[in-house]
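Just below is one structure, and these are the notes that go with it.
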Amino acid sequence: MANINFGFEHHAKKLYSGAIEQGISNSLVPMVIETSGRGERAFDIFSRLLRERIIFLGTGIDEHVAGLIMAQLIFLESEDPERDIYIYINSPGGSVSAGLGIYDTMQYIRPEISTVCVGMAASMGAFLLASGNKGKRASLPHSRIMIHQPSGGAQGQETDIVIQAREIEKIRRLLEELLAKHTGQPVEKVREDSERDRWMNPQEALEYGLIDAIFEKRPTPEKKD
């Protein structure tokens, strides 16, 4: 069976597999204590962010991570289908099938999606960054963004390998068409640019159409008289 991924998967496995397989140690996940009239309540930081409609994608993308992201998206839609959802991305990429599951869910649900690159959005991470709603995709000033073509491995009989190679090519064309749709670039240019790793700084990503803005500082709220 073909193993199709969007590159950097070996980096993702090296950096994050231990945390994903064993679970991030509770001692490494900050807890937020909130006090109300009913006493104190503790939240892990990711649950607290979710209450603010913020999803943080900070690992490589595999089926487990995708399942968590999709569940959060669907939950937030059920909570309020009219309010935006914010996805902060710091990811080296990973599985194409897992990433497309996240992508389809982003397109399916009613809330608009704001995406922000914080650190790095490479391969499938860059694809998801560009998949936010037009005008609501951004990057912090020193992030790095990279696009390239999917890679894959196949084994088995020669006929099976041929079938799998065709499937990889179909996936590649699909991703190129979707990226062209979200960036406004011609499909031919996307294919040419993704033949090899194409790294961009935020300004280059802005000009390419992967993002719509570069965030340097949150605006200071106006003081009320």
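Placed from the backbone N, Cα and C atoms, the Cβ positions cover glycine too.
Swiss-Prot lists S123 with the feature active site, nucleophile.
Under the three-state DSSP scheme, H148 (active site) falls in the coil class. Annotated active site per Swiss-Prot: H148, in sequence order, evidence recorded as sequence analysis.
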- Task: Between H148 (active site) and S123 (active site, nucleophile), find the distance joining the two CA atoms and give it rounded to the nearest Å.
- Result: 6
